[in-house]
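Annotation source TrEMBL lists Fe cation 1 binding site at Glu24, Glu57, His60, Glu133. Taken from TrEMBL, the feature Fe cation 3 binding site covers Asp56. Residues or ranges marked as Fe cation 2 binding site by TrEMBL: Glu57, Glu100, Glu133, His136. Look at TrEMBL and you will find Met58 tagged as heme b binding site. Sequence annotations record features per position, and here TrEMBL assigns domain 'Ferritin-like diiron' to 7-151.
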Amino acid sequence: MANGSREERRNKVIEVLNKARSMELQAIHQYMNQHYNLDGMDYGELAANMKLIAIDEMRHAEAFAERIKELGGEPTSEISGKIEKGQEINLIYPFDVEREEDAVDVYNQFLLVCRENGDSITMKLFETIIEEEQAHLNYFANIDEHLKNLGATFLARIAGTSASTGPSKGFTVKANSAQ
Ligand SMILES: [Fe+2]
Ligand SMILES: [Fe+2]
């Protein structure tokens, strides 16, 4: 365990929680923008799933904020980076694969910071969220592969499908409850 007072150790955990929250806030805006784009292009099914993934990121931002408050910190409203707007469909999925790979990688590093500072509860939170980012990553990689291998044929199947998500709880919530 790292040296330092309990307060110093707690502050290190709050710091990584806020960095993670910033990344989630960015992801929410990025995916909502892509959701509107995909909906505008009439790729309903892809738009619906993008919306559900954005909702997952909202749950993550909230979960991080709750833990920050439990530790006596102030949840940030800072967004980690700028939002790419109006991306072509062929750019969206490789871009999102990279975003989710980053999230998995960075959150694993944050999990180690929690371990070093003796916070097993926050470690578990990161573990749960990393699993959900991995599910997003798998989904984005799968769509990216379809687009690369099938291109227009794949898109023709998607065009005009429904963008309705019904009463949506998020992508991973839905995926988990379907098992
Ligand atoms: Fe997330
Ligand atoms: Fe994600």
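Backbone N, Cα and C define each Cβ position, glycine as well.
Curation does not apply to TrEMBL; its annotations are automatic.
Structure coloured by features recorded in TrEMBL.
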{"residue": "Glu24", "record": "Fe cation 1 binding site", "Cβ neighbours (10 Å)": "23"}
{"residue": "Asp56", "record": "Fe cation 3 binding site", "Cβ neighbours (10 Å)": "25"}
{"residue": "Glu57", "record": "Fe cation 1 binding site", "Cβ neighbours (10 Å)": "26"}
{"residue": "Met58", "record": "heme b binding site", "Cβ neighbours (10 Å)": "16"}
{"residue": "His60", "record": "Fe cation 1 binding site", "Cβ neighbours (10 Å)": "26"}
{"residue": "Glu100", "record": "Fe cation 2 binding site", "Cβ neighbours (10 Å)": "21"}
{"residue": "Glu133", "record": "Fe cation 1 binding site", "Cβ neighbours (10 Å)": "27"}
{"residue": "His136", "record": "Fe cation 2 binding site", "Cβ neighbours (10 Å)": "24"}
Among Glu24, Glu57, Met58, His60, Glu100, His136, the binding-site residues whose C-beta sits under 6 Å from ligand 1: Glu24, Glu57, His60
Entries of Glu24, Met58, His60 (binding-site residues) sitting next to ligand 2, with Cβ under 6 Å as the cut-off: none
Cα proximity to His136 (Fe cation 2 binding site), best match among binding-site residues Asp56, Met58, His60: Asp56
Residues in the domain 'Ferritin-like diiron' (7-151) grouped by DSSP into helix, strand and remaining coil: 120 helix, 0 strand, 25 coil
Residues close to Fe cation 2 site centre defined by Glu57, Glu100, Glu133, His136, Cβ within 8 Å: Ala27, Ile53, Asp56, Arg99, Ala103, Val104, Glu132, Gln134, Ala135, Leu137
Candidates Asp56, Met58, Glu100, namely the binding-site residues, that fall within 10 Å of Glu133 (Fe cation 1 binding site) by Cα distance: Asp56, Glu100
Averaged pLDDT, computed only over the residues in the domain 'Ferritin-like diiron' (7-151): 97
